[in-house]
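A.B. asks: Straight from Swiss-Prot, here's the annotation block:
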type	residues	note
SIGNAL	1-23	signal peptide
TOPO_DOM	24-281	topological domain 'Extracellular'
TRANSMEM	282-302	transmembrane segment
TOPO_DOM	303-346	topological domain 'Cytoplasmic'
MOD_RES	Tyr312	phosphotyrosine
TRANSMEM	347-367	transmembrane segment
TOPO_DOM	368-376	topological domain 'Extracellular'
TRANSMEM	377-397	transmembrane segment
TOPO_DOM	398-416	topological domain 'Cytoplasmic'
TRANSMEM	417-437	transmembrane segment
TOPO_DOM	438-449	topological domain 'Extracellular'
TRANSMEM	450-470	transmembrane segment
TOPO_DOM	471-501	topological domain 'Cytoplasmic'
TRANSMEM	502-522	transmembrane segment
TOPO_DOM	523-535	topological domain 'Extracellular'
TRANSMEM	536-556	transmembrane segment
TOPO_DOM	557-570	topological domain 'Cytoplasmic'
TRANSMEM	571-591	transmembrane segment
TOPO_DOM	592-598	topological domain 'Extracellular'
TRANSMEM	599-619	transmembrane segment
TOPO_DOM	620-642	topological domain 'Cytoplasmic'
Amino acid sequence: MATAMDWLPWSLLLFSLICETSAFYVPGVAPINFHQNDPVEIKAVKLTSSRTQLPYEYYSLPFCQPSKITYKAENLGEVLRGDRIVNTPFQVLMNSEKKCEVLCSQSNKPVTLTVEQSRLVAERITEDYYVHLIADNLPVATRLELYSNRDSDDKKKEKDVQFEHGYRLGFTDVNKIYLHNHLSFILYYHREDMEEDQEHTYRVVRFEVIPQSIRLEDLKADEKSSCTLPEGTNSSPQEIDPTKENQLYFTYSVHWEESDIKWASRWDTYLTMSDVQIHWFSIINSVVVVFFLSGILSMIIIRTLRKDIANYNKEDDIEDTMEESGWKLVHGDVFRPPQYPMILSSLLGSGIQLFCMILIVIFVAMLGMLSPSSRGALMTTACFLFMFMGVFGGFSAGRLYRTLKGHRWKKGAFCTATLYPGVVFGICFVLNCFIWGKHSSGAVPFPTMVALLCMWFGISLPLVYLGYYFGFRKQPYDNPVRTNQIPRQIPEQRWYMNRFVGILMAGILPFGAMFIELFFIFSAIWENQFYYLFGFLFLVFIILVVSCSQISIVMVYFQLCAEDYRWWWRNFLVSGGSAFYVLVYAIFYFVNKLDIVEFIPSLLYFGYTALMVLSFWLLTGTIGFYAAYMFVRKIYAAVKID
């Protein structure tokens with residue numbers, strides 16, 4: 001094993017490369033060149049709220065509709081995310097200004113919301129919903145200007161410009177509810193270099209919106225659907241009274257600005273919203289701490305093991321050595337098959353399947369191949385990869401099951417293919433029923449659910465059987481010592497050798513390596529933020545693998561020194577101890593970061609958190625188990641057994 005100083009140069013090199021790739025991405029779609037006055041279509045994606053975690057499609061609210069509603073054909077990831085991309089009546093032409101235009105106005109008459117529609121709109125506003133639109137596949141953002149210096153002199157104020165995804169549906173003030181019924185679109189274009197005799201073309205590079213609430217009496221509309229906005233701040237906001245009908249105008253304006261931003265870097269606005277400096281320093285701190293702690297643990301184990309092996313291999317002192325307590329005394333029982341070997345091998349096979357899927361997804365995303373402009377690509381790739389990685393999960397499970405003296409390989413293969421996926425599908429189906437009851441677009445449609453079942457039983461299950469068949473036929477792992485026929489009596493264990501204490505101790509270091517990254521992941525999942533720091537995530541994943549492996553080795557070493565040879569299940573459970581801290585952090589995040597108070601959103605949060613914790617336990621438990629298994633085989637192969 002290498003020490004921390006041996007790892008440090010390579011770590012710095014890897015970190016420098018990852019810092020370069022963390023902000024790199026392949027755009028994913030070809031650029032669209034627009035000519036002057038070409039139509040730029042604005043589409044709606046969905047409505048989201050971090051308070052309810054229930055997305056809704058755009059026309060679930062009484063917005064103005066075009067003459068023909070057309071939904072975009074979506075991939076698997078978009079459907080699972082709750083996206084329902086649909087056209088809107090906004091008429092936007094390239095580099096053509098619009099001061100004010102009225103939507104869905106007939107003969108200069110305002111829109112009338114019924115009592116039921118008013119109640120629904122008011123409810124969505126109080127639930128803090130955001131509206132998400134796209135133009136040329138670029139999501140709309142609301143500019144926020146924050147001042148870090150509160151000095152009265154405006155010249156001394158430092159302005160920090162940030163962007164918020166989407167725009168707020170409305171706002172509340174003194175128990176009154178107001179709707180943002182006017183949208184001021186600001187689109188930025190980049191002029192492409194052309195030959196002298198060719199017409200200029202433009203590319204959309206940023207899409208902003210300024211939402212406003214303007215009451216009916218302050219808007220002046222004519223029969224040509226044009227309108228006049230009130231000057232300055234003389235207007236009052238458009239109130240929505242949920243107890244009666246409400247009349248209002250839906251209006252919008254369009255403003256174009258030329259920008260130096262090139263099309264290839266137009267997503268930088270959305271991918272640099274988080275405080276990157278804090279993120280970098282936290283990651284560097286985790287890297288340094290974990291590698292040095294891992295180096296210290298490695299040196300302790302190496303020195304202790306060298307001393308033990310040297311003592312055990314001295315022929316003159318062999319009798320004295322056997323009278324002492326130590327890990328060699330359990331050599332005849334250390335490879336004794338555990339209880340429920342089929343379930344253990346099945347869980348480890350699913351862990352291998354998860355490990356391969358996560359490693360490939362993070363690596364491919366780090367290289368920039370899963371662009372945010374390719375909506376749903378990340379989730380679609382993850383789903384298909386998990387299905388196809390079943391062959392590796394089945395192979396590893398089959399070989400381990402044979403090593404543990406198992407004989408019913410067909411039943412073992414079925415268990416591997418259905419145990420973990422069945423739990424995931426069951427939980428998701430129950431949660432989906434609640435989402436269906438709320439008429440949310442986040443509910444997986446029945447055809448998509450059937451397609452997922454077909455992928456499970458048509459791709460994953462046959463591949464697991466195939467891998468399991470070849471793994472079971474392959475030569476089992478060669479254990480260096482024979483197993484005694486009569487099990488050795490296990491002495492009474494100290495309190496700190498308790499399984500739960502081991503879980504708490506073993507989970508601290510791996511969780512400490514990743515909890516900062518976990519905050520950004522939770523923000524992306526539960527607060528509708530973009531996550532694209534996959535370079536850092538890849539580095540954290542490598543650190544997680546190293547720390548899980550070394551902690552697992554330390555824990556199994558101390559267990560064997562205590563003459564407890566029942567390490568198979570214990571090591572799998574203890575190595576996944578960081579999942580317990582993930583659960584604790586999820587509860588902390590729910591209480592302190594989210595404003596969820598209703599039952600169904602809370603159920604969704606903890607249901608998906610349970611899936612996350614289960615998957616993380618399988619992942620880290622599998623990593624630790626195989627590291628410990630290799631370690632145990634190595635140390636018992638290094639000593640002389642009579």
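Here the Cβ of each residue, glycine as well, is placed from N, Cα and C on the backbone.
If you look at the structure here, what lies around each of the features I listed?
C.D. replies: Remote same-chain residues near the transmembrane segment (347-367) are listed as 18, 21-22, 24, 26, 378, 381-382, 385-386, 389-390, 392-394, 396-398, 400, 416, 419-421, 464, 468, 532, 534-535, 537-538, 541, 572, 615, 618-619, 621-623, 625-626 (criterion: CB distance under 8 Å, separation of at least six residues from the stretch ends).
Assigned with DSSP, the residues of the topological domain 'Extracellular' (368-376) fall into helix, strand and coil as follows: 0 helix, 0 strand, 9 coil.
Tertiary neighbourhood of the transmembrane segment (377-397): same-chain residues 28, 75-77, 80-81, 345-346, 348-354, 356-357, 360-361, 364-365, 370-371, 412-413, 416-417, 452, 455-456, 459-461, 463-471, 474, selected by CB-CB distance under 8 Å and a gap of 6+ residues from either end.
Taken together, the residues of the topological domain 'Cytoplasmic' (398-416) have an average pLDDT of 93.
Long-range neighbours of the transmembrane segment (417-437) within the same chain, counting only residues 6 or more positions beyond its ends whose Cβ lies under 8 Å from a Cβ of the stretch, are 54, 343, 346-347, 350, 390, 394, 443-444, 449, 452-453, 456, 460-461, 464-465, 600, 603-604, 607-608, 610-611, 614-615, 618.
Counting same-chain residues at least six beyond the ends of the topological domain 'Extracellular' (438-449), those with a Cβ under 8 angstroms from any Cβ of the stretch are 46, 53-57, 60, 76, 79-84, 428-429, 432, 600.
Residues in the topological domain 'Cytoplasmic' (471-501) partition by DSSP class (helix H, G, I; strand E, B; coil) as 9 helix, 0 strand, 22 coil.
Beyond the ends of the transmembrane segment (502-522), by six or more residues, the same chain brings 274, 279, 282-283, 286, 289-290, 293, 531, 533, 536-537, 540, 543-544, 547-548, 551-552, 555, 570, 573-582, 585-586, 589, 593, 620, 624 to within a C-beta distance below 8 angstroms of the stretch.
When Cβ-Cβ distances below 8 Å are used as the criterion, the transmembrane segment (536-556) is approached by residues 1, 14-15, 18, 22, 279-280, 283, 286-287, 290-291, 293-294, 297-298, 300-301, 358-359, 362-363, 365-366, 502, 505-506, 509-510, 513-514, 517, 521, 567, 571, 574-575, 578, 620, 623-625, 627-628, 631-632 of the same chain, each at least six residues removed from its ends.
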A.B. asks: Take the topological domain 'Extracellular' (523-535) and count its residues per DSSP category (helix H/G/I, strand E/B, coil), listing them in that order.
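C.D. replies: Going through the topological domain 'Extracellular' (523-535) residue by residue, I get 6 helix, 0 strand, 7 coil.
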A.B. asks: Do any residues of this chain, six or more beyond the ends of the transmembrane segment (599-619), have a C-beta under 8 angstroms from a C-beta of it, and if so which?
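C.D. replies: Here the qualifying positions are 51-54, 347, 350-351, 354-355, 358, 420, 423-424, 427-428, 430-431, 434-435, 437-438, 525-526, 576, 578-580, 582-583, 586, 590.
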A.B. asks: DSSP-wise, what's the residue breakdown of the topological domain 'Cytoplasmic' (557-570) into helix, strand and coil?
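C.D. replies: When I sort the residues of the topological domain 'Cytoplasmic' (557-570) into the three classes, I find 9 helix, 0 strand, 5 coil.
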A.B. asks: Within the same chain, where does the topological domain 'Cytoplasmic' (398-416) have neighbours whose Cβ lies under 8 angstroms from its own Cβ atoms, ignoring anything closer than 6 residues to its ends? I mean 6 or more beyond.
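C.D. replies: Same-chain residues near the topological domain 'Cytoplasmic' (398-416) but 6 or more away: 337-338, 341-346, 348-350, 461, 464-465, 467-474, 476-477, 479.
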